[in-house]
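Over in TrEMBL, the protein carries these features:
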- 1-26: signal peptide (SIGNAL)
- 75-131: domain 'Cadherin' (DOMAIN)
- 132-235: domain 'Cadherin' (DOMAIN)
- 236-340: domain 'Cadherin' (DOMAIN)
- 349-445: domain 'Cadherin' (DOMAIN)
- 446-555: domain 'Cadherin' (DOMAIN)
- 570-666: domain 'Cadherin' (DOMAIN)
- 681-703: transmembrane segment (TRANSMEM)
Amino acid sequence: MGNKGFSALWPIFCLAFFVTLRLSRGDLSYSIPEEMKRESVIGNVAKDLGVDLRTLASRQARVDFEGSRKRYCDIKMNTGDLITLERIDRESLCGKKPSCVLKVDLVLENPLELHRVSLHIQDVNDNSPKFKKSLIEMEIRESAEKGNRFSIEEAHDADIGQNAVQRYTLEKNDNFILSVTSNKVELVLENKLDREKQKEMNLLLTALDGGSPQRSGTVVIHVTVLDANDNAPVFSQAIYKASLPENSPPDTIVITVSATDADEGLNGDVTYDFGHVSDDDLNLFTIDPKSGEIRVTGVIDFEESSSFEMRVEAKDGLGLTSYCKVIIDVTDINDNAPVIYLKSLNNPIPENVSPGTEVGIINVQDRDSDNNRQVRCSIQQNVPFKLVPSIKNYYSLVTTGQLDRELVSDYNITISATDEGSPPLSSSKTVQLSVADINDNPPVFEEQSYSAYVSENNKPGSTLCSVTARDPDWRQNGTVIYSLLPGEVNGAPVSSYLSVNGDTGVIHAVRSFDYEQFRSFKVQVMARDNGSPPLSSNVTVSVFISDVNDNSPQILYPAPEGNSFMTELVPKAAHGGSLVSKVIAVDSDSGQNAWLSYHIVKSTDPGLFTIGVHSGEIRTQRDISESDSMKQNLIVSVKDNGQPSLSATCSMYLLISDNLAEVPELKDISYDDKNSKLTSYLIIALVSVSTFFLTFIIIILGVRFCRRRKPRLLFDGAVAIPSAYLPPNYADVDGTGTLRSTYNYDAYLTTGSRTSDFKFVHITVTCANIAAFPF
Ligand SMILES: *[C@@H]1O[C@H](CO)[C@@H](O)[C@H](O)[C@H]1NC(C)=O
Ligand SMILES: *[C@@H]1O[C@H](CO)[C@@H](O)[C@H](O)[C@H]1NC(C)=O
Ligand SMILES: *[C@@H]1O[C@H](CO)[C@@H](O)[C@H](O)[C@H]1NC(C)=O
């Protein structure tokens, strides 16, 4: 407070203290502070010189300045005071001189008096310390060592003495302290600089004077820290991890490493390169030395290598290096299709394996990983096989149903494998599987039964028919061999009738057949395959023998020409149309071959008799007249209807007479002495019996016939026709008193040439059986 109050009272104090009259011989001396206001009183010269004011005025007191100096002061006449006219600046008048005296001449006239007035100008702290510039630029390399000194130009203060610069202060900072020695101002580096921490700083330096009040001046020292290569590059990460899909095309950017170097310029210029890389990986990646981009240059195959580890070096311009690690994990891409391996296969498989039999083993592999290697296997639907998953990627190929080689003998089983990648890849493999034969099919005849038709009298060895049996089995299991099953036909072994070609199934006749002996028979033919054990089946072959016209008609009545003694009596009174006799013939053939027709080939009197074409009945064509010859001779031909037809002829002797007495003449006509008596008797007996029998039948039929309509007598003579002579199958006598052939019997007849010469005729009639005709 005292200090402040002192400052405020400064001008008054100055006046009181410095403006003191210095009396010397004629000289005046005043001491005044600089920078006084205009017209400030320096001193009263009138008083100090001892001159009254009137004298002062009358003597024209005045002040003179040496040279062309400014008029700093003047005399105020009415008071006799010396006052300032100009601002008096000590610094401009005297500079740094420690004492500053302004000399003024005071002149009085009448008489001239010269007084020297010395004005001692006292310094006043009116100047602040001043730096030359307000900003000092400094550049200090960061490598500067502790203790290094950096001089600063000092501050200047126009004042002198205590009012000049007395001390400096430096704003507090981390690096520098101030050292001031004998007007040398220096910054001293106390802590090392780090450009990377602080690139520049402003330090405020203040200079203080010792005046009162104290004045100060400041300067800003701008320190720029210059770089030194004191930093190695630093990677942003110690370990870089990247994930790279396999098969990434060349030039794919995998990752960008980045290292920063805190240094500047060349010192901070980072280039990248791979550290040690194995030869395998060398060509897979490149690194851009400038940008640090790691790119793909080769083929990235997950299956070859699923990860890469590399060291990357960063180097600055002056060779400081650092390293980082780059780990590239390759991610799997589904680029491998599953591969199907057939590990084992039972081929061929027998067709009788039971369902569920393991046929083969399949292994599926996929080189990808995870889902991309999850494989599903399947086979097509329409085969009787399935895949049964087994351990790991193994599958069993198993039958699901019964196999039948005869239906499907080969399977192409397509196995498909699909992985679960996205998109999924698949592959397929076709397994060819054959089914081996088992003799499970017997031969089967194409027909239920076979019939063979053969004409009798066939040549031995002729082909009758052929049987065919099929066996779908394979090779010998399907090879069919035919054979006849043992059996008998008419008491003889079948093999004496037929033979069968074992390979072809063609059936041959062994002998010639006779229709008249038997008309059909059956044999069993077996078809057997060559399997082991063999399978067989049987079929019936019916052989039907057909008739051939191989038998000539046999004339039973009358006996053949030359051997007959038969003579028919024709009553003289016979009218036209009367039945006089009947030619009876048989044919042991059948059908057309036994259909007989009768014709008169020659006759004594052609107009007199006719013969029924099919009945063989001989009738008169007109009434007998007296003129007709008594002995009539007819030659009758009997033909069958076969192709060609066969025929037989006979002669019939007719005697037109009412009287048997005339019979002796017969001998002339027909009888030959050579005929044995026995034969004659037999014939007579036969004729008699037959006539009797026929008559009896006729009577019975006649009675039945007469009941219905009035009977007409067809012939009035006792014409005896032996009924036994009726043709076997062809007895269609038109209801006129002959038999329907409803009987079956054997007849032994003589044909007359020798007594013991009988001919056997077997007559078969369809209905009943009469065991034997009493003969
Ligand atoms: C199986 O494949 C083979 C060869 O491609 C072919 O010759 C044969 O006919 C096929 N079999 C079936 C039953 O499809
Ligand atoms: C025939 O079948 C048998 C089993 O019945 C079998 O062992 C054999 O191999 C088959 N023969 C042929 C040629 O297939
Ligand atoms: C065929 O006949 C033979 C002999 O009678 C017999 O042993 C065999 O079992 C028969 N075969 C068939 C399939 O009937």
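Each position is counted from 1, following the chain as shown.
Every residue, even glycine, has its Cβ placed from backbone N, Cα and C.
DSSP labels the residues of the domain 'Cadherin' (236-340) in these numbers: 8 helix, 46 strand, 51 coil. The average pLDDT the prediction assigns to the domain 'Cadherin' (446-555) is 93. When DSSP labels each residue, the domain 'Cadherin' (132-235) comes out as 3 helix, 53 strand, 48 coil, counted as helix, strand and coil in that order.
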